[in-house]
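A.B. asks: Below, the features straight out of TrEMBL:
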ACT_SITE  Asp82  active site
ACT_SITE  Glu147  active site, proton acceptor
BINDING   His80, Asp112, Glu186  Zn(2+) 1 binding site
BINDING   Asp112, Glu148, His397  Zn(2+) 2 binding site
DOMAIN    205-311  domain 'Peptidase M20 dimerisation'
Amino acid sequence: MPLSDCECDQLALNNFQKYLRFATVHPDPDYSAAVIWLKEQAKELDLKIYSKEIVRGHPILLLEWTGKDTTMPAIMCNSHMDVVPVYSEKWTYPPFEAQIHNNKIYARGAQDMKCVGIQQLESIRRLKARGIDRLLRTVYVIFTPDEEVGGGKGWNLLIEDKSPESHDLVNDFSFHDLNIALYLDEGLAHPTDQYVAFFNERVTLELTITCFGNTGHGSSFLPNTAIEKAHKIIDRLLEFRSGQEQLLKENERLELGDVCTLNVTTLKGGVQLNVVPAQIEIGVNIRVTPSRMTQEIEKIVEDICKSVDPATTIHYHVRRLYPDRCDSHPPENKWWTALHQVCQEAGIKLTPKIFQGATDARYLRAYHKLDNTPSQKRIPIEVINFSPMRNTPVLLHDHDEHLDINVFIEGCRVYTDFLHAIGNLD
């Protein structure tokens, strides 16, 4: 007999707890047990299973729900398996036991983002329970590693179909062959009675500025020291930061994703307390809103450094190497229309925004710009970041990360209706 809605709810909750108990935690996540369990779920749902391991120990699992028309571009639902480290002594309940207290599930990954991975899988289960064997379009559910540390061993390599580093590693599929039209990834919880979905995200710039100067004994007044130059540069950088912060405060229509943030995150220098250091390193993290060009922000930083000392160097650790896509207004297309309609039918307001952080979705947004062969021009992939969590404090990466059971179940139902709608769009 088909499962009832209540039975689907309970099964989704049980599976959520099971998935949370796999400690796929940095700095050394072990994905093996989680992947075995996810494959078992796929077999229950009669999904095709593909695997790829480009870097040893960083598996990528792809599940396929074949559509009625396999010539149509497909839907891809992405979630990352990894979670950030925990300080267990700061948690009220053990972070990998998924205990329920006061109707809330406490676990690392409860919001970021194992909830969405389960909601994506359970949406297929619910649709099949309704007697829907196939949608019009093929739906892929993909589980990926290392998003929390930049995706360098996951999506960064997958998007370019890099070969496994060793011949004994599995290589079942090619991303280029999947023909993706819409890609869904994580969003954020929202503390009010509405959902938020993200149509773009800020660009990450991470860089180290190195200042050089005279060195000598700490008892003297040496001119042109590295620390003096670093001081001047930091002051100028913080002036830019203050200007962006003021812009946000003065305009009620702006969100954090609509402005640039800049933070000095590391300072390094010196060999001992009585020696003036010959060089100082300044670590800087910048998030560039899509309405600004990254080249413009880079030039601001470079001009500041050159004005203090032309010998100052800048090393970029994370930098966008392709043209910006300056989408600062919500798109109007069939995918977004479907999401709005589903939320409206559920009686939930939906607000589109620019994501303030960075997700694996940035690789998909840039997919069509990474191709150097004009004869095989790539078609842009539409991307939506959406985690159906409302009336929920944002607790990703925080101690006591948790998610209310009713919020999770509501999200399962909304995601099911959304997947049904987009999977049948022609």
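Backbone N, Cα and C atoms are what each Cβ position is placed from, and that goes for glycine too.
Unlike curated entries, TrEMBL annotations are predicted automatically.
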A.B. asks: Please give the average pLDDT for the domain 'Peptidase M20 dimerisation' (205-311) in this predicted model.
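C.D. replies: The answer is 97, the mean pLDDT of the model over that range.
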A.B. asks: Would you mind splitting the domain 'Peptidase M20 dimerisation' (205-311) into helix, strand and coil residue counts from DSSP?
C.D. replies: 43 helix, 31 strand, 33 coil
A.B. asks: How many other Cβ atoms sit within 10 Å of the Cβ of Glu186 (Zn(2+) 1 binding site)?
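C.D. replies: Around Glu186 (Zn(2+) 1 binding site), other Cβ atoms within 10 Å: 24.
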A.B. asks: What is the one among the binding-site residues His80, His397 whose Cβ has the most other Cβ atoms less than or equal to 10 Å away?
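C.D. replies: When each Cβ's neighbours within 10 Å are tallied, His80 leads.
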A.B. asks: Which number gives the other C-beta atoms within 10 angstroms of the C-beta of Asp82 (active site), all protein chains shown included?
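C.D. replies: Summing over all protein chains shown, Asp82 (active site) has 23 other Cβ atoms within 10 Å.
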A.B. asks: Taking the mean position of the Cβ atoms of Asp112, Glu148, His397 as the Zn(2+) 2 site, which residues outside that list, in the same chain, have a Cβ no more than 8 Å away, listed in sequence order?
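C.D. replies: Filtered neighbour residues, in order: Val83, Val84, Gly109, Met113, Leu396.
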A.B. asks: How many Å lie between the Cα of Asp82 (active site) and the Cα of Asp112 (Zn(2+) 1 binding site)?
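C.D. replies: So the alpha carbons of Asp82 (active site) and Asp112 (Zn(2+) 1 binding site) sit roughly 9 Å from each other.
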A.B. asks: List the residues of the same chain that sit at least 6 positions away from Asp112 (Zn(2+) 1 binding site) in sequence and have their Cβ under 8 Å from its Cβ, in sequence order, or write 'none'.
C.D. replies: Val83, Val84, Glu186, Leu396, His397, Glu401
